[in-house]
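One structure is given here, and the rest of the page talks about it.
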Amino acid sequence: QEPFVADEYIERLAWRTPGGGSRGGEAFDPKRLLEEFVNHIQELQVMDERIQRKVEKLEQQCQKEAKEFAKKVQELQKSNQVAFQHFQELDEHISYVATKVCHLGDQLEGVNTPRQRAVEAQKLMKYFNEFLDGELKSDVFTNSEKIKEAADIIQKLHLIAQELPFDRFSEVKSKIASKYHDLECQLIQEFTSAQRRGEISRMREVAAVLLHFKGYSHCVDVYIKQCQEGAFLRNDVFEDAAILCQRVNKQVGEIFSNPETVLAKLIQNIFEVKLQSYVKDQLEEHRKSDAEQYLKNLYDLYTRTTNLSSKLMEFNLGTDKQTFLSKLIKAIFISYLENYIEVEIGYLKSRRAMILQRYYDSKNHQKRSIGTGGIQDLKERLRQRTNLPLGPSIDTHGETFLSQEVVVNLLQETKQAFERCHRLSDPSDLPKNAFRIFSMLVEFLCTEHIDYALETGLAGIPSSDSKNANLYFLDVVHQANTIFHLFDKQFNDHLMPLISSSPKLSECLQKKKDIIEQMEVKLDMGIDRTLNCMIGQMKHILAAEQKKTDFKPEDENNVLIQYTNACVKVCGYVRKQVEKIRNSMDGKNVDTVLMEFGVRFHRLIYEHLQQYSYSCMGGMLAICDVAEYRKCAKDFKIALVLQLFDTLHALCNLLVVAPDNLKQVCSGEQLANLDKNILHSFVQLRVDYRSARLARHFS
């Protein structure tokens, strides 16, 4: 038995043999084990021979059966060939019979068709005779339940009557036409009644009969009219129309053989009657009296109409449904869209002018005219070149004349205008219309509001020698910067998508660039003059607070202050202005303006220190002042400004250093690269400069 393992088999045989192992204390007997092995081998040989004979017998039997099976297969193949031949013969016979039957059928049809036509003609002649006699006796005409058969007959008689000469058969033609019309009316009435009862199958039957009548289109009209009864009861005519079309779309295929034509006619009727009337009522009410409401309604109605059109695109309306629906929309709105942009521009102009005027009125400000022409242009060029105020300074009382609320209103109006322009403009006119709206924004936001505020702010900057002047131009800069970021965002978010692929893009970018450059010139000019005023204020502080005795005290041994009062006030003023500059600017502009302010601050202190003579203790006090100025300069966080004050601090050391050490100090790291005349000018400020010893050491 499988699995067979020889070693295990021998082991089991040895254990079963007495004396074959040591179990139970029994002694091992090799002879007995050998004898058992020999006997077992003989038994296995006998078994092998017996199995071999059985195998040979089975092989012989298998060969015999294989031969018998092969013989049987050959006999079956022969039988199959015979059957196949019989099948071919039968197939040929069937084809022959079928040909004969078809031929016979053609012959019968050739005989029967004329016969049927003759029978049909006989029936028609019979019915025609009834019309000739003027009395309709046939059941088909008197029985209302056979209206379908009557319709088929009268339709054929009507066609025949068309071919008859009028002079001989005018009366019968009139009677047939009258019956034709009566049956047509009855069928339409039956269709109407079935529609009211909701009997779809009856409607389908009547519509199929009417298909060959001239009044079939009237049947469709009746269906369309009754479909709309009670469909428009809510305020939302667009939603009602979508629901109606969806309901009819499911039903129309079960009734008419041309459902796409019927549905298209329904949609056309809805657009030309319901929607057109609704749109006209909504728009004509405000067209001349309220431009804002008119534009809002136009945008809303056009959007809802196009959305309805998108929903209707799901239905089968024929081959070119996109063009079909576009023509329907165009027919409704064409009279309103032709002059849309003119209405838009007119509204924006009046609306923006009102927003600005309302703002200036709230400030009790009469907007002054910024002149143009030769004299004004000459003043502008002179002002740009000399940076001098031309004309009297205007006191703005701290008002910037810039309002984020006004700007947000203007930008919101423009955003809505861009949205309307995108929706209502013809694609070919879209870039041109968008550019006109952008130009209006530039005119009212940039020119009439921002530029006017800059001009007013420039005129409000006092002269550099004014005392206790209030400087508000940095507030103008701050607000103008914020506003222009909003303007730039709208340019990118709402205008760019409308003009990105048209030649108007470069024109808009150039217009934007020009207005930016124009404003930057005025901003730079105002900042420069404001810095001059700051320096002027600091000069007044120094002139009023700094005394000559500060640096040449009468009692050298009794100086109790760490730095002068002028220094304290100047540093306080500078720190306020630095904070104001940081709050008014952003980005790199902060560093640029602070660097310019710091350089001018340094120049002022440098020139201020040159005006005094310094004793030893006065020089120490000057060093303390410059150290305080340098600490103030650190607030600028500009390396150049700090370096300038470091150098100035090193120069002030020349005021107190011992004469023997002057050369060493001058050759130090911070002073080595300075012009010798600068060093000499500081040494000359010392009280002891004229002593021969000092002059000799410095020479």
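Each Cβ is built from the backbone N, Cα and C atoms, and glycine gets one as well.
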Coiled coil per TrEMBL - which of 2-40, 41-79, 275-313: 41-79
Same-chain residue ranges lying at least 6 outside the coiled coil (41-79) that approach it to Cβ under 8 Å: none
Model confidence over the domain 'Exocyst complex component Sec10 N-terminal' (30-138) (mean pLDDT, whole number): 82
